[in-house]
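Peer 1: First, the structure itself, so that you have it in front of you.
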Amino acid sequence: MINHKQSLKDLTLNELQEYFSRKGWQQFRAKQIFDWMYIQQVDSIEVMSNIPKKLRQELMENCTINDLELDSNNIYTSPTDGTIKFLSVLKDGIGVETTIMKYDYGNTVCISSQAGCNMNCVFCASTTGGKERDLSPGEMIDQVLMANKVLPGSESINNIVVMGSGEPLENYQHLIKFLKIVNDGKGLNIGMRHITVSTCGLVPEIYNLAEEELQLNLAISLHAPNDELRNKLIPLNKIYPIHELLEACQVYFQKTGRRITFEYVLIKDFNDSIDLAKELSETLTALKMPVHVNLIPFNPVEETKFTAPPSSRISDFKNNLQSNNIGVTVRKERGVDVDGACGQLRSKVMR
């Protein structure tokens, strides 16, 4: 039976205080609970020692602070780069995957925003089986907290990328609440500039996100410089073609001042030619705003026959962009030996 208790992690601090008032509980206790959840990061209401026993009992009867449970049989650490991939189980039994990537500048957690995905991008494992449902703010937050527990010793998460399973902007309201909670200075206090949200191009929601005027990083899953090619990779492009997507990106930059990153998965003999690199350079230069391109060599997925180009081809593509004054990086492959691409572990376990 699904648990219908109120998840306290679905609430901002203000909402938590309002909830306590409606329940007739002392409002200042809400801040103490917030501290226990995000500073102390406890797993149980019962251990909240500065909360009166009677209130703790009422909280346990009416509320929950655990929105997912770690599947201890599905935690994998890459011996080559330290990437950690783990699966968690939601209250309704649905699996959700999370990835921790280790860098010199800190630990980054890649969280899922949906269980599965409806976008049907042809190169992505997340779309296998479609979308089961959106994740709640608490279910997204618990992935971050679970990552802190999975990390060894005193290590913790420094950066968040919402690039796991699902299209974050399709789960817009829950995403915004998640962002506000993890950014709260009385909680996890992760700065917006340490958070990246990736979208395959839901144009109306990009405009909505621009109006929020958050200082987060926006990444666009572009993967092709023209509609003919992008239509074959991302079905959503038939609804919101590239020119509409890029117009929304310009508005986002004007509102926030934040440079946008364009992600480009390089697929051998499909979108990796020098002519396409030149076309991409022209398209991005015409935006007349700061941009960055993140080239991603295709990470093998069983569901497709795509492969990554040879390193020389990747270098040629990168060099062409750089010669046109486009900032570019090549993402280092991480977690290949632990099903590191989004959706891979969940898809394998579901089978």
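Cβ atoms are placed via backbone N, Cα and C, with glycine included.
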Peer 1: In Swiss-Prot, the S-adenosyl-L-methionine site includes GLY166, GLU167, SER221, LEU222, HIS223, ASN299. Which of SER198, SER281, SER315, SER323 does it also list there?
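Peer 2: Same S-adenosyl-L-methionine site in Swiss-Prot: SER198.
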Peer 1: Which one, from the binding-site residues CYS117, CYS121, CYS124, LEU222, has the smallest tally of other C-beta atoms lying within 10 Å of its C-beta?
Peer 2: CYS121
Peer 1: I need the CA-to-CA distance for ASN299 (S-adenosyl-L-methionine binding site) versus CYS110 (disulfide bond), whole Å please.
Peer 2: 16
Peer 1: List every residue in the same chain as HIS223 (S-adenosyl-L-methionine binding site), at least 6 positions away in sequence, whose Cβ is under 8 Å from its Cβ.
Peer 2: PHE123, ARG230, LEU233, ILE234, GLU263, TYR264, VAL265, ASN271
Peer 1: Who sits close to SER221 (S-adenosyl-L-methionine binding site): which same-chain residues at least 6 apart have their Cβ under 8 Å from its Cβ?
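Peer 2: SER221 (S-adenosyl-L-methionine binding site) has long-range Cβ partners CYS121, SER198, THR199, CYS200, GLY201, ILE234, GLU263, VAL265.
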